[in-house]
Amino acid sequence: SIFGMSFFGYVRKTAGITDLFNFETFPNSIIVLFQMCTTAGWSGVFQALTNDQPPDCDPTINTPSHKGDCGNTAIATPFLVSYVIITSLVVINMYIAVILENFSQAQEDVQQGLTDDDYDMYYEKWQHLDPSGSQFIRYDQLSDFVDNLEPPLRIPKPNHLALVDLDLPICEHDRMHCVDILDGLTKYFLGTLHVPITSTETDAPIDIKKDRPKDYHSTTTTVQRQREIYLSRIGLKGFRNNVERRQNERKNQELMLEKTIDDELIESNDLDTTPLISNDNQNYEIN
């Protein structure tokens, strides 16, 4: 900025040099250089600083500069070109540094598994279903809730069998606790769903026994509930088959009874018509 003020402080305002973008004051010089560090408008500034011949400028104007309001091509060219190249390299290196830093952070997040952002996302989604902060949702809301989560905790639909395999506790009134669901999803993502965790392990993903509400009473699990549903379906199917079998037996008995009655009626009719035929034959012989 000081270098630009010393050599180009009185350059005529033309092209890229204006009332705001100029080298007359230190703040204005900072603004011009900051603009050019992004390679924006540097060609206009270069054009204004290299105007060193009339009629583009007047070297006879009385100014502290010995060139009046003219520029200086010999000084402006290396000054601007070197500045643009150096600042461009710095900016490019900054871009690369930011990209590498983000990539490195992403790699660390992948290696670490779940991050604090994932847990924050979980509880943000939870608030939509539990605005009162009861820490519980209904069992029938579990499938939709897990499907609405973002990766890596999300289990897309159809997710019924996957949720059953989580073996999550179900509390009274068919309610699910938020920490139980989060613990199951964490183990599902880490691949430790069926791996027992001993009491000596302190690196568990979350403490599932912390801050339990007073009304937390687990009555069953998703696996047991699925077994109950399966057994009830088997029992219902057996009951239906038994009812159908009894109905079929009753129908068969009714058909057999009707057939027996019909046969008896036919036999009785045959017995009634036989004497009549015999009497007719006898009368015919007598005649």
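We count from 1, first residue shown onward.
Just so you know, glycine gets a Cβ as well, placed from its N, Cα and C.
Residues of the domain 'Ion transport' (1-109) grouped by DSSP class, helix first, strand second and coil last, total 64 helix, 0 strand, 45 coil. Positions annotated as domain 'Ion transport' by TrEMBL: 1-109.
According to TrEMBL, the feature transmembrane segment maps to 80-100.
Model confidence over the domain 'Ion transport' (1-109) stands at 81, taken as the mean pLDDT rounded to a whole number.
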